[in-house]
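> Copied straight from TrEMBL:
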type	residues	note
REGION	A:46-65	region 'Disordered'
REGION	A:88-110	region 'Disordered'
REPEAT	A:221-255	repeat 'PPR'
REPEAT	A:256-290	repeat 'PPR'
REPEAT	A:291-325	repeat 'PPR'
REPEAT	A:326-360	repeat 'PPR'
REPEAT	A:361-395	repeat 'PPR'
REPEAT	A:396-430	repeat 'PPR'
REPEAT	A:432-466	repeat 'PPR'
REPEAT	A:467-501	repeat 'PPR'
DOMAIN	A:615-695	domain 'Smr'
DNA sequence: CTAGGGTTAG
């Protein structure tokens with residue numbers, strides 16, 4: 001085998017450098033009066049996207065992009081900037097010798113007044129006829145157009161353009177009007193057409209129209225730009241959105257607050273917090289009073305980043321500008337608080353909202369249920385459910401489904417059943433595949449395999465499609481009960497019904513395989529896995545072959561992990577280790593754990609301080625935790641042998657097992673400690689923690705009876 | 001969707 005001693009040393013070495021990724025704690029920063037841009041951006045460049053995954057695009061920072069602007073328009077006086085950061089600018093500009101710096105126009109673009117068109121009824125009907133018509137060629141469309149009941153005046157054309165859908169028809173009409181040469185095509189016709197194209201996410205066509213406007217000298221106004229920018233955003237073409245925003249300044253069009261907040265949202269969506277804050281501050285310095293929409297953009301951004309300081313900043317800004325949150329801002333705030341891990345604050349904010357007379361809607365309640373679910377506050381969540389029923393607050397199927405999945409997460413079987421029945425009785429909503437998935441999850445984690453299969457049959461009867469997640473829950477449940485024949489049947493049916501297995505389903509099949517006691521069952525599961533991910537099956541064969549070289553394993557495993565979704569990588573490794581241990585391939589298990597460590601799947605597995613070394617196996621499967629313990633003991637043996645320095649205390653964390661996946665880890669870890677005769681004992685004061693002193697370790701190492709698990 | 005910006009499920 002690949003030399004175990006060096007490997008254990010390597011593993012050890014790697015464990016030392018892996019303790020940089022600590023769970024963040026929002027209270028880390030002291031209280032601040034303004035949002036600390038620099039600190040928090042580092043703080044919230046969170047582990048969400050790994051460094052090797054591509055950024056949405058490579059923009060130069062906005063501050064670079066706006067540099068020419070800042071030279072000409074913005075004050076470069078640092079003192080003045082600093083003052084602006086402390087005090088919001090007053091509405092009257094005190095120093096008339098200095099021009100007011102401006103990045104946005106405080107005047108919203110005026111819209112032409114709507115005038116009543118007496119022909120509206122006829123034209124709407126005609127538009128509906130066109131909308132419903134199923135023509136086969138453009139010519140056919142044009143020939144119907146000839147029947148237009150009124151002359152195509154400027155107003156009538158606008159009305160038609162606004163009523164035609166989908167975008168193909170609106171665009172055809174627009175082009176038709178253009179060729180008729182009835183009147184010059186002004187900005188508004190382009191704007192209305194672009195809006196229609198935006199519904200169809202036709203950014204290429206929108207850009208084409210914009211270029212046509214430029215070529216023909218037709219003015220692009222704020223409405224044009226904001227439509228282009230938001231379309232680019234919806235098409236995930238963020239570089240395009242920024243490009244058109246910059247073009248505004250270059251062509252001398254000052255964005256108004258609508259365009260400005262659209263751009264804020266562009267930067268927020270790609271997580272460029274610093275750019276958003278820079279724009280925000282510049283806007284504020286220009287005398288802009290952000291409205292509800294701008295604040296909800298900021299809230300959403302900080303929520304996504306889990307940045308509580310950012311959320312506090314938004315609250316404080318709203319307070320100092322005397323902007324009362326509206327329903328949407330409250331909803332965004334509640335969700336953000338949940339993501340920042342502040343369920344208590346979310347709860348009091350919700351009470352404040354109700355007291356201030358804002359009636360919660362479905363989204364409010366959904367957000368709050370999610371907050372409580374994540375915090376595992378089942379009591380609050382269930383009380384909220386009672387309260388929404390007695391207050392007659394609006395409920396929709398998403399809220400029902402959110403409640404159901406919360407019950408699934410917290411193992412609230414009876415409550416889930418009640419909700420599910422409620423939903424079936426309800427006038428407005430029927431359980432859909434999401435609801436069934438939640439129920440399958442409930443029965444799956446409660447090991448109610450018969451109930452789960454009943455649901456599966458019920459779904460077929462009611463014509464509810466099983467989705468990939470429901471399939472995964474059911475397969476997990478069947479696997480745990482060793483009902484492999486049913487498992488294969490469910491898998492086959494699922495594939496036949498068009499479910500495309502994802503990494504989670506593969507991980508689930510792997511875990512089922514890891515606890516199959518006989519080879520026939522394991523091979524059946526392997527057969528399913530082969531249909532879902534043949535590469536993974538090939539890798540398992542490599543693991544089982546005696547002659548496979550470590551380097552080969554390393555390359556192949558790397559390829560598997562690269563292909564896998566981020567959140568499935570560690571489960572893959574855990575299950576593969578378990579599969580190896582089940583087949584007594586301990587060396588392979590150690591090799592896999594080592595590879596998992598160097599590929600960064602187990603950050604924070606081992607931590608060292610001057611006084612204590614600790615092993616944290618909470619994110620490991622049972623087999624992986626056993627392997628890690630063996631690896632740790634081997635490296636400790638070596639250190640004692642070489643008489644190197646050891647700390648006073650050693651600890652191994654398995655966690656208290658409150659999470660449904662981690663149950664049983666502590667007890668099986670304890671029995672493995674016993675098997676190895678390792679000198680650890682359950683800590684009295686630390687839950688889910690095994691401890692040993694330096695003396696324990698040293699005397700164990702010196703008087704140790706050789707154990708096969710700990711020898712080369 | 002009455003020419004433009006913000007919020008719901010694993």
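Keep in mind that glycine also has a Cβ here, set from the backbone N, Cα and C atoms.
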> Need one number: mean pLDDT over the repeat 'PPR' (A:221-255).
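A mean pLDDT of 95 is what the predicted model shows over the repeat 'PPR' (A:221-255).
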> When you scan the chain for residues with a C-beta under 8 Å from the repeat 'PPR' (A:467-501), skipping those not six or more beyond its ends, what do you find?
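Contacts of the repeat 'PPR' (A:467-501) (Cβ under 8 Å, skipping residues fewer than 6 from its ends): 433-434, 436-437, 440-441, 443-444, 447-449, 452-453, 456, 459, 508-509, 511-512, 515-517, 521, 524-525, 527-528, 531-533.
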> Counting only residues 6+ away from its ends, which parts of the chain sit with a Cβ under 8 Å from the repeat 'PPR' (A:432-466)?
397, 400-401, 404-405, 407-409, 411-413, 416-417, 420, 423, 473-474, 476-478, 480-481, 483, 486, 490, 494, 497, 499, 660
> For the repeat 'PPR' (A:221-255), DSSP counts of helix, strand and coil?
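Counting residues per DSSP class in the repeat 'PPR' (A:221-255), I get 26 helix, 0 strand, 9 coil.
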> Could you give me three numbers for the repeat 'PPR' (A:256-290), the DSSP helix, strand and coil residue counts?
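Taking the repeat 'PPR' (A:256-290) as a whole: 26 helix, 0 strand, 9 coil.
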> For the domain 'Smr' (A:615-695), how many residues does DSSP put in helix, in strand and in coil?
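Per-class counts: 33 helix, 14 strand, 34 coil.
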